[in-house]
Structures are given as C-alpha cells and as structure tokens.
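A quick write-up on the structure given underneath.
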Amino acid sequence: MNCAASVSVIMPAAGSGQRFGSQSNKLFAHLDGKPLWQHAIDRFQHRGDVRQIVLAVSEEDESRFREQIAAISSAVPIHLVRGGATRSESVGAALEQVKRFAAESAAANASTQTLVAIHDAARPLVRQSDLDRVIAKAAETGAAILAAPVSGTLKRATGDGSETVDRRNTYVALTPQVFAIDVICQAYARDRGRMATDDAQLVERTSHPVQLVTGSADNLKITFPEDLRIAEAILNECRSEFV
C-alpha cells in the first residue's frame, strides 16, 4: 500500500460537556481564542494529503457548528453529519460520507489510495511530525495509530488489594487512528452495534494488524477543565509546533 494517499478526516464531535463541567459541548470551549474543534481541524486542513474533514455532530449542536464553520476560512471542505448516541454510531455515519467521496475519487483517479483518519475533536495539539508518520505507516500497512508509552506505574485492583502491572510494551492509545478505507469499512460492517473502546479494536477483531506509531504526550484529550489549562501551557511553550 504505497500509492498516493488521499486522506479523509473524521472527527466525532457529538459528545456532551458533562465531565468538563459545562452545560454545552466542551468543543465550544476556547483555547487561545478559538474553539477546541477548530484547533483540531487546523492541525489537518493545510496538509496536502487531506481532502475533506467530516464532523459528526449532535442535532442540538448542528446549527452552532454550521455558524462557526461559515465564519472561518477552510482550505478543505468541512462536512457535517448527524452523529449517533455512541462514538461508534457517529463514526459510522461519517463513514458514509467518506465512502461517497472515495467512490468519486476512484472514478477520477484509480491510483489514489483513500485513507481514513479518525481523530478526537477534543485533541487540539497533535503534531505535524506525528501525523506524517502515522499516515505514512497506515499507507504502508492499512492500519496505524498514534500511541504513547505508559510512563507511570500501573496497578490492577484485586480482591485482596492491588498488584503491579508490568508496563513494558504497554501504550496509551491516542488519535488519529488511520486506516485504509476498505479496512475500516469492513470492521464497521462486521461489528455494527458492538461496543469497542476505540476504532482500532474493531479493526483488530477482523485480524488485521494495527501498527503503533509513537506519538507525543502533548496530544492530550481535553476531558476536564484542568486539561484545558495544560493545553494552554503546551501551546504557549511550543507554539511553532502547532501552526
């Protein structure tokens, strides 16, 4: 899998602000003067290999997203689709848009390889060097994800207390998770409705190997208010990395 790649980016954005302590979607919270979702889009929209970005949003947030998207200048088309009750349902809905785009692209250029990059819209600080490497690995193998080595000591709760877990070869999954379109579509068709912790797990169930690409720990997911303060500090310290 080493022909020219065309990347479609899917961003599930239909979540709530419950854990963030907000009455509205946390993705509308501002980081350095812009909503979180826009930072996530900015990491992708100026890349030469990205062809479209698909946001899966809730019905209640759709009009607000449309207003904010209309107010920005985007280098690639940004599509909105109605998300589902779960992350998997939202990604599945976005895949339908991606499949239509891929069919049109294949008709125009049969040599183009379509990749799908699934990225948490609440991860505003993914580095371009990490994107380069995970996209290249997915183009080569069909499935690759960013992941960070576990650095702290892991404990497993037991009936008698706890035990230490060997952290060697243990990673925390990040996003984006990047797949050849046929690989991720097969995974979703096979496991429609089944729970999974992430998209890579669905692909693993098809017996297709998923490659790990070591990514920066700066690529944190904004879940709690304190995460936003950490992201602000990272952005101020390493601004040139996130242009």
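Cβ atoms here come from the backbone N, Cα and C positions, even for glycine.
Here Swiss-Prot flags Arg19 (among others) as site 'Transition state stabilizer', drawing on sequence analysis.
Lys26 (site 'Transition state stabilizer') has a Cβ environment of 24 other Cβ atoms inside 10 Å. Lys26 (site 'Transition state stabilizer') carries a helical DSSP state (H, G or I). Annotation comment: Swiss-Prot describes Lys26 (among others) as site 'Transition state stabilizer', evidence class sequence analysis.
Under a cutoff of 8 A between CB atoms, and with a sequence separation of 6+ in the same chain, the neighbours of Arg167 (site 'Positions MEP for the nucleophilic attack') are Val150, Gly152, Thr153, Leu154. The site 'Positions MEP for the nucleophilic attack' annotation in Swiss-Prot covers Arg167 (among others), and the record cites sequence analysis as its basis.
Its Cβ taken as reference, Lys221 (site 'Positions MEP for the nucleophilic attack') is surrounded by 15 other Cβ atoms within 10 Å in the chains shown. The site 'Positions MEP for the nucleophilic attack' annotation in Swiss-Prot covers Lys221 (among others).
Lys26 (site 'Transition state stabilizer') sits 11 Å from Lys221 (site 'Positions MEP for the nucleophilic attack'), taking the C-alpha atoms as the reference points.
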